[in-house]
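Participant: Okay, so TrEMBL annotates it like this:
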DOMAIN    19-416  domain 'Major facilitator superfamily (MFS) profile'
TRANSMEM  21-43  transmembrane segment
TRANSMEM  55-73  transmembrane segment
TRANSMEM  85-104  transmembrane segment
TRANSMEM  110-130  transmembrane segment
TRANSMEM  142-163  transmembrane segment
TRANSMEM  175-197  transmembrane segment
TRANSMEM  229-247  transmembrane segment
TRANSMEM  259-277  transmembrane segment
TRANSMEM  289-313  transmembrane segment
TRANSMEM  319-343  transmembrane segment
TRANSMEM  355-374  transmembrane segment
TRANSMEM  386-406  transmembrane segment
Amino acid sequence: MADRNASDRVLSPWKDGAWCLIGAVIGYAVGFGFFMFSANLFIEPMRAEFGWSSTQATFLPISSLVLAAMFPLSGKMADRFGPRLLAMAGLSGFALCFLLLATLPLTVTILRIIAVVLGICCAAAGAVPFSRAVVSWFQRDAGLALGLTGSGATLGGVLGVPLNAMIISEFGWRAAYMTMAALVLVIGLPFVAKFLLLSDGDERAPSSRQGQEEGAAGAGSLPLSDPRFWLLGGAVTCSGLSIGIYLNHLQPILRESGFSLTSAALLGSIFAAATFGGRIAAGFLLDRIFPLLVAAGCLSLAAVGAAIIPGAALPAMPVFGLALLLIGLAYGAEADFAAFFALRFFGLPRFSFTFGTLAMMIALALAIGGFLTARSADIHGNYRLAVALGPAGFACAAAMLVLARLSASMRRDAHRI
């Protein structure tokens, strides 16, 4: 009888919180996921139509910068207004922006204004509100639950990249934006409105209430005096700089390497699929093995993958596929690491704001990596220098996580990290 009760306690979050998790995955996929993974597909068609440079046509880094600035605020707003209302507002904004891109006569100024709004939407319907809703149900197996939540974004990439590539090839890039708007309105918004509920059914300032109930000090503040916060922040920043190269410019890099549009899209799907798998695998392992060592090992493999690309003599699908597999695994796991350690180290009362700040560091690094890569391509006429520097960020990130593990070895809770 005791064993049965214990089993019920373990399974109950997965039973009771399953629909919240499903709503988070679908909402994350059709908005954030479709946009972030597919944005670089539109660079070459817009350059060809408008005669723009790489820098002018590259708008995802702008959205990423705005996203970075908005992440901590999204944590505060998720606690104050509830993750469901925040995510619904973000998805509505996504649909509007996609419709504008599909119909307006674009200029560089208009494109950049829309990119700013898209960045706000990415924060409102992104990692923080969806993760906050899910962790209210899953105090046990938080790593796997967060990994599954984050897989929504990469699921959007797995489905969105080939779909948008096909639509762009057959009907043009504006038709692809129209399709994304329809998917947000028909699928994303209804699922989030129906299922993205907190475990207590109350959307008013959940973290603040729980912090008061638990008597937790520092709810809603950052753990600035804890060295683990700074080492984790440095690690996600370094890895984000390298990931920004591939996330923002993967398709142009592959086309420059000699791949056709179809082959490049297939490799992009491999990257997205690896990101999807990385989120789930990392979440599973974080619950069962020393988490910081899991993170360091994943980023070390990404450094190997990034080193393969500039060393490849020919555009061979297996070689580039392996490299993008390793890099994609790291990209998928990175947000998992930030969310998991924010919850494990600093508690639920501090989760939204701390995770939002770590996510800000990631987004800022992704944007800077994208900007620097575009600038390098304009100056040198190719992506070779940027790609050659890719392994360095992953290696630095892995080293910081090893240092974090070593510095924590004397802590009473060292077995947990």
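Cβ coordinates come from backbone N, Cα and C, glycine included.
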Participant: How about the transmembrane segment (175-197) and the transmembrane segment (85-104): do they have 3 or more C-beta pairs under 8 A, pairs 6 or more apart in sequence?
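Facilitator: Contact between the transmembrane segment (85-104) and the transmembrane segment (175-197): present, because at least 3 Cβ pairs are under 8 Å.
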Participant: Under 8 Å, at least 3 Cβ pairs, sequence separation 6 or more: does that hold for the transmembrane segment (355-374) versus the transmembrane segment (55-73)?
Facilitator: yes
Participant: Mind checking which residues of the chain, 6+ beyond the ends of the transmembrane segment (85-104), have their Cβ under 8 Å from one of its Cβ atoms?
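Facilitator: Contacts of the transmembrane segment (85-104) (Cβ under 8 Å, skipping residues fewer than 6 from its ends): 27, 30-32, 35, 74, 77-78, 110-111, 114, 117-118, 120-126, 129-130, 174-175, 177-178, 180-181, 184-185, 188-189, 192-193, 196, 203.
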Participant: For the transmembrane segment (259-277), I need the partner stretch with the highest count of C-beta pairs below 8 angstroms, choosing only from 21-43, 110-130, 386-406.
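Facilitator: The listed stretch sharing the most Cβ pairs with the transmembrane segment (259-277) is 21-43.
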Participant: Restricting to CB pairs under 8 Å, which listed stretch, 55-73, 110-130, 229-247, 289-313, 319-343, is in contact most with the transmembrane segment (142-163)?
Facilitator: 319-343
